[in-house]
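Novice: According to TrEMBL, the record shows the following:
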DOMAIN    87-278  domain 'ABC transmembrane type-1'
TRANSMEM  21-42  transmembrane segment
TRANSMEM  91-112  transmembrane segment
TRANSMEM  124-144  transmembrane segment
TRANSMEM  156-176  transmembrane segment
TRANSMEM  197-222  transmembrane segment
TRANSMEM  257-278  transmembrane segment
Amino acid sequence: MKQEERGIISRFDMKKGTVRTGYTIMVLLMLLMGVTMLYPFFNTFFGSLKTREEFFAFPPTFFPESWVWTNYKDAFTGFDLPLLTFLKNTVFIYVGNVIVSLLLIGLAAYALSHLKVPFKRWVTLFFFSTLLIPPATYVVPNLLNLKSLGMLNTYWAFWLPAAANAYFMLLLKNFFDGIHKEILEAARIDGATEFSSFIRIAVPLSTPIIGTLLMLIFSATWNDFYWPSLVMSERGMYPLATGIYLYVVYSTSVIPWSVRFAVLTMAMLPPVVFFLVFQKFIIRGISVSGVKG
(Lines of atoms letter the chains of each structure in order from A and count residues from 1; the text may use other names and numbers.)
(Lines give C-alpha, C1' and ligand atoms only; values in the text may rest on other atoms or scores of the structure.)
Protein backbone atom coordinates (compact mmCIF):
# COMPACT_ATOMS: atom_id res chain seq x y z
CA MET A 1 0.00 0.00 0.00
CA LYS A 2 1.41 3.36 -1.02
CA GLN A 3 2.19 5.60 1.92
CA GLU A 4 0.45 8.96 1.86
CA GLU A 5 2.85 11.89 1.79
CA ARG A 6 2.44 14.42 4.57
CA GLY A 7 2.04 18.02 3.54
CA ILE A 8 2.99 21.15 5.43
CA ILE A 9 -0.28 20.94 7.40
CA SER A 10 -1.48 17.51 8.53
CA ARG A 11 -5.07 16.41 9.13
CA PHE A 12 -4.43 16.56 12.85
CA ASP A 13 -3.28 20.18 12.55
CA MET A 14 -6.44 21.08 10.64
CA LYS A 15 -8.52 20.20 13.69
CA LYS A 16 -7.17 23.29 15.45
CA GLY A 17 -9.20 26.45 14.95
CA THR A 18 -6.22 28.76 14.52
CA VAL A 19 -4.69 26.47 11.91
CA ARG A 20 -7.96 26.31 9.95
CA THR A 21 -8.26 30.09 10.05
CA GLY A 22 -4.68 30.57 8.87
CA TYR A 23 -5.17 27.95 6.14
CA THR A 24 -8.35 29.69 4.93
CA ILE A 25 -6.60 33.07 4.80
CA MET A 26 -3.69 31.50 2.89
CA VAL A 27 -6.06 29.92 0.34
CA LEU A 28 -7.91 33.22 -0.16
CA LEU A 29 -4.62 35.07 -0.68
CA MET A 30 -3.49 32.46 -3.20
CA LEU A 31 -6.80 32.77 -5.06
CA LEU A 32 -6.40 36.55 -5.11
CA MET A 33 -2.85 36.19 -6.46
CA GLY A 34 -4.09 33.74 -9.08
CA VAL A 35 -6.80 36.15 -10.25
CA THR A 36 -4.39 39.09 -10.48
CA MET A 37 -1.91 36.98 -12.48
CA LEU A 38 -4.46 35.40 -14.84
CA TYR A 39 -6.54 38.53 -15.49
CA PRO A 40 -4.00 40.21 -17.86
CA PHE A 41 -3.71 37.03 -19.91
CA PHE A 42 -7.46 36.47 -20.29
CA ASN A 43 -8.07 40.16 -20.90
CA THR A 44 -5.52 40.05 -23.73
CA PHE A 45 -6.95 36.80 -25.10
CA PHE A 46 -10.56 38.00 -25.17
CA GLY A 47 -9.44 41.37 -26.53
CA SER A 48 -7.78 39.56 -29.43
CA LEU A 49 -11.16 38.10 -30.45
CA LYS A 50 -13.07 41.39 -30.57
CA THR A 51 -13.98 43.52 -33.55
CA ARG A 52 -12.69 47.07 -33.80
CA GLU A 53 -16.03 48.44 -32.62
CA GLU A 54 -16.13 46.11 -29.61
CA PHE A 55 -12.54 46.91 -28.71
CA PHE A 56 -13.24 50.64 -28.35
CA ALA A 57 -16.79 50.29 -27.06
CA PHE A 58 -17.76 52.16 -23.90
CA PRO A 59 -18.47 50.87 -21.39
CA PRO A 60 -15.91 48.17 -22.18
CA THR A 61 -16.86 44.49 -22.13
CA PHE A 62 -14.70 41.64 -20.92
CA PHE A 63 -16.05 38.91 -23.21
CA PRO A 64 -16.35 39.44 -26.99
CA GLU A 65 -19.80 39.30 -28.56
CA SER A 66 -18.54 37.94 -31.89
CA TRP A 67 -15.42 35.78 -31.64
CA VAL A 68 -13.20 36.94 -34.51
CA TRP A 69 -10.61 34.16 -34.86
CA THR A 70 -9.38 35.65 -38.14
CA ASN A 71 -7.39 38.16 -36.09
CA TYR A 72 -4.83 35.41 -35.50
CA LYS A 73 -4.61 34.72 -39.22
CA ASP A 74 -4.19 38.44 -39.92
CA ALA A 75 -1.35 38.57 -37.41
CA PHE A 76 0.69 36.31 -39.70
CA THR A 77 -0.54 37.24 -43.16
CA GLY A 78 -2.34 40.58 -43.04
CA PHE A 79 0.30 43.16 -42.10
CA ASP A 80 3.68 41.72 -43.16
CA LEU A 81 4.78 41.15 -39.55
CA PRO A 82 7.99 39.04 -39.55
CA LEU A 83 6.84 36.98 -36.57
CA LEU A 84 8.27 33.71 -37.88
CA THR A 85 11.68 35.38 -38.32
CA PHE A 86 11.58 36.66 -34.75
CA LEU A 87 10.53 33.22 -33.53
CA LYS A 88 13.37 31.54 -35.45
CA ASN A 89 15.86 33.99 -33.95
CA THR A 90 14.54 33.34 -30.44
CA VAL A 91 14.80 29.56 -30.84
CA PHE A 92 18.33 29.91 -32.24
CA ILE A 93 19.39 32.07 -29.30
CA TYR A 94 17.75 29.67 -26.84
CA VAL A 95 19.49 26.59 -28.25
CA GLY A 96 22.84 28.38 -28.12
CA ASN A 97 22.22 29.51 -24.54
CA VAL A 98 21.34 25.95 -23.51
CA ILE A 99 24.47 24.46 -25.10
CA VAL A 100 26.77 27.11 -23.63
CA SER A 101 25.17 27.01 -20.19
CA LEU A 102 25.04 23.24 -19.79
CA LEU A 103 28.48 22.62 -21.26
CA LEU A 104 30.63 25.43 -19.87
CA ILE A 105 28.79 26.15 -16.62
CA GLY A 106 28.17 22.44 -16.12
CA LEU A 107 31.86 21.61 -16.51
CA ALA A 108 32.84 24.43 -14.15
CA ALA A 109 30.32 23.27 -11.54
CA TYR A 110 31.47 19.66 -11.91
CA ALA A 111 35.11 20.70 -11.48
CA LEU A 112 34.35 22.71 -8.33
CA SER A 113 32.33 19.82 -6.95
CA HIS A 114 34.43 16.73 -7.74
CA LEU A 115 37.91 17.76 -8.88
CA LYS A 116 40.92 18.95 -6.92
CA VAL A 117 40.99 22.59 -7.95
CA PRO A 118 43.55 24.93 -6.35
CA PHE A 119 41.86 27.44 -4.02
CA LYS A 120 38.52 25.77 -4.70
CA ARG A 121 36.70 27.49 -1.86
CA TRP A 122 37.93 30.93 -2.87
CA VAL A 123 37.02 30.34 -6.52
CA THR A 124 33.55 29.17 -5.48
CA LEU A 125 33.14 32.16 -3.19
CA PHE A 126 34.21 34.50 -6.00
CA PHE A 127 31.60 33.12 -8.38
CA PHE A 128 28.79 33.16 -5.86
CA SER A 129 29.66 36.64 -4.58
CA THR A 130 28.69 38.00 -8.00
CA LEU A 131 25.10 37.14 -7.10
CA LEU A 132 25.20 40.06 -4.68
CA ILE A 133 25.94 42.53 -7.49
CA PRO A 134 22.84 44.12 -9.07
CA PRO A 135 22.63 43.07 -12.76
CA ALA A 136 22.16 46.69 -13.87
CA THR A 137 25.69 47.55 -12.72
CA TYR A 138 27.43 45.29 -15.23
CA VAL A 139 25.28 46.02 -18.28
CA VAL A 140 27.64 48.76 -19.50
CA PRO A 141 30.88 46.78 -18.85
CA ASN A 142 29.43 43.78 -20.68
CA LEU A 143 28.37 45.99 -23.56
CA LEU A 144 31.83 47.57 -23.83
CA ASN A 145 33.53 44.16 -23.68
CA LEU A 146 31.33 42.79 -26.45
CA LYS A 147 32.01 45.88 -28.55
CA SER A 148 35.79 45.49 -28.16
CA LEU A 149 35.47 41.81 -29.13
CA GLY A 150 33.45 42.70 -32.23
CA MET A 151 30.45 40.64 -31.06
CA LEU A 152 27.77 43.30 -31.21
CA ASN A 153 24.99 42.51 -33.66
CA THR A 154 25.86 38.80 -33.46
CA TYR A 155 24.31 35.97 -31.49
CA TRP A 156 27.49 35.68 -29.46
CA ALA A 157 26.29 38.79 -27.65
CA PHE A 158 23.73 36.45 -26.05
CA TRP A 159 25.74 33.24 -25.80
CA LEU A 160 28.88 34.66 -24.19
CA PRO A 161 27.10 36.28 -21.20
CA ALA A 162 25.09 33.07 -20.80
CA ALA A 163 28.33 31.25 -20.00
CA ALA A 164 28.85 33.37 -16.88
CA ASN A 165 25.63 32.79 -14.96
CA ALA A 166 26.58 32.29 -11.31
CA TYR A 167 23.04 31.30 -10.30
CA PHE A 168 23.02 28.38 -12.73
CA MET A 169 26.42 27.35 -11.42
CA LEU A 170 25.07 27.43 -7.86
CA LEU A 171 22.19 25.13 -8.81
CA LEU A 172 24.41 22.71 -10.73
CA LYS A 173 27.17 22.61 -8.12
CA ASN A 174 24.76 21.91 -5.28
CA PHE A 175 23.23 19.11 -7.32
CA PHE A 176 26.62 17.64 -8.28
CA ASP A 177 27.62 17.70 -4.60
CA GLY A 178 24.90 15.11 -4.02
CA ILE A 179 26.40 12.62 -6.49
CA HIS A 180 28.28 9.99 -4.52
CA LYS A 181 32.01 10.11 -5.10
CA GLU A 182 32.17 6.30 -5.12
CA ILE A 183 30.35 6.25 -8.47
CA LEU A 184 32.89 8.59 -10.03
CA GLU A 185 35.80 6.72 -8.43
CA ALA A 186 34.56 3.47 -9.95
CA ALA A 187 34.39 5.16 -13.36
CA ARG A 188 37.98 6.42 -12.98
CA ILE A 189 39.16 2.92 -12.06
CA ASP A 190 37.52 1.62 -15.24
CA GLY A 191 39.55 4.16 -17.22
CA ALA A 192 36.96 6.86 -17.77
CA THR A 193 38.23 10.41 -18.18
CA GLU A 194 36.75 13.27 -16.20
CA PHE A 195 34.93 14.57 -19.27
CA SER A 196 33.52 11.10 -19.92
CA SER A 197 32.38 10.85 -16.29
CA PHE A 198 30.70 14.22 -16.63
CA ILE A 199 28.86 13.28 -19.84
CA ARG A 200 28.00 9.67 -18.99
CA ILE A 201 27.38 9.86 -15.23
CA ALA A 202 26.88 13.40 -13.94
CA VAL A 203 24.60 14.63 -16.73
CA PRO A 204 22.22 11.61 -16.78
CA LEU A 205 21.90 11.77 -12.99
CA SER A 206 21.12 15.49 -13.17
CA THR A 207 17.90 15.30 -15.18
CA PRO A 208 15.81 17.25 -12.61
CA ILE A 209 18.17 20.21 -12.39
CA ILE A 210 18.74 20.21 -16.16
CA GLY A 211 14.98 20.38 -16.67
CA THR A 212 14.92 23.32 -14.27
CA LEU A 213 17.68 25.08 -16.20
CA LEU A 214 15.92 24.47 -19.52
CA MET A 215 12.85 26.25 -18.17
CA LEU A 216 14.80 29.13 -16.60
CA ILE A 217 16.84 29.67 -19.76
CA PHE A 218 13.72 29.52 -21.92
CA SER A 219 11.91 32.05 -19.75
CA ALA A 220 14.87 34.44 -19.76
CA THR A 221 15.40 34.11 -23.54
CA TRP A 222 11.73 34.38 -24.46
CA ASN A 223 11.04 37.45 -22.32
CA ASP A 224 14.32 39.28 -22.88
CA PHE A 225 13.67 42.68 -24.41
CA TYR A 226 16.20 45.08 -22.91
CA TRP A 227 19.47 43.29 -23.74
CA PRO A 228 18.66 42.59 -27.43
CA SER A 229 17.71 46.22 -27.92
CA LEU A 230 21.24 47.16 -26.78
CA VAL A 231 23.35 44.63 -28.68
CA MET A 232 21.32 44.26 -31.89
CA SER A 233 20.92 46.88 -34.61
CA GLU A 234 19.66 44.70 -37.48
CA ARG A 235 15.95 44.25 -37.04
CA GLY A 236 16.02 40.97 -38.93
CA MET A 237 18.03 39.47 -36.05
CA TYR A 238 15.73 40.59 -33.23
CA PRO A 239 14.26 37.95 -30.93
CA LEU A 240 10.53 37.79 -30.41
CA ALA A 241 10.09 40.13 -27.43
CA THR A 242 12.08 42.97 -29.00
CA GLY A 243 10.49 42.45 -32.41
CA ILE A 244 6.96 42.50 -30.99
CA TYR A 245 7.67 45.70 -29.09
CA LEU A 246 9.01 47.52 -32.16
CA TYR A 247 6.64 46.11 -34.79
CA VAL A 248 3.45 45.64 -32.75
CA VAL A 249 3.31 47.50 -29.43
CA TYR A 250 5.31 50.62 -30.29
CA SER A 251 4.39 50.63 -33.98
CA THR A 252 2.44 53.55 -35.42
CA SER A 253 1.14 51.51 -38.35
CA VAL A 254 -2.54 50.75 -38.98
CA ILE A 255 -2.50 47.36 -37.23
CA PRO A 256 -5.85 46.92 -35.37
CA TRP A 257 -5.51 46.57 -31.63
CA SER A 258 -7.33 43.25 -31.69
CA VAL A 259 -4.63 41.90 -34.03
CA ARG A 260 -1.93 43.29 -31.73
CA PHE A 261 -3.57 41.53 -28.81
CA ALA A 262 -3.60 38.32 -30.86
CA VAL A 263 0.16 38.60 -31.30
CA LEU A 264 0.63 39.24 -27.59
CA THR A 265 -1.56 36.24 -26.71
CA MET A 266 0.51 33.94 -28.91
CA ALA A 267 3.67 35.32 -27.31
CA MET A 268 2.37 34.59 -23.80
CA LEU A 269 1.31 30.99 -24.43
CA PRO A 270 4.67 29.18 -24.96
CA PRO A 271 6.14 30.04 -21.50
CA VAL A 272 2.95 28.78 -19.85
CA VAL A 273 3.01 25.52 -21.82
CA PHE A 274 6.75 25.13 -21.23
CA PHE A 275 6.25 25.56 -17.48
CA LEU A 276 3.40 23.03 -17.35
CA VAL A 277 5.59 20.47 -19.13
CA PHE A 278 8.66 21.02 -16.94
CA GLN A 279 7.02 21.92 -13.62
CA LYS A 280 7.90 18.58 -11.98
CA PHE A 281 11.55 19.01 -12.95
CA ILE A 282 11.55 22.61 -11.71
CA ILE A 283 10.14 21.82 -8.28
CA ARG A 284 12.25 18.70 -7.82
CA GLY A 285 15.40 20.27 -9.26
CA ILE A 286 15.37 23.38 -7.10
CA SER A 287 14.42 21.45 -3.94
CA VAL A 288 17.06 18.75 -4.47
CA SER A 289 19.80 21.20 -5.47
CA GLY A 290 19.32 22.94 -2.16
CA VAL A 291 20.09 19.76 -0.20
CA LYS A 292 23.64 18.41 -0.19
CA GLY A 293 24.45 14.73 0.21
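In case you wondered, yes, glycine gets a Cβ from its N, Cα and C as well.
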Novice: Does the transmembrane segment (197-222) come near the transmembrane segment (91-112), with 3+ Cβ pairs under 8 Å (pairs 6 or more apart)?
Specialist: yes
Novice: With Cβ-Cβ distances below 8 Å as the criterion, list the same-chain residues six or more beyond the ends of the transmembrane segment (156-176) that contact it, or say none.
Specialist: 93, 96-97, 100-101, 104-106, 108-110, 112-114, 124, 127-128, 130-131, 142, 146, 149, 202, 206, 208-209, 212-213, 216-217, 221, 227-228, 231-232, 285-286, 288-292
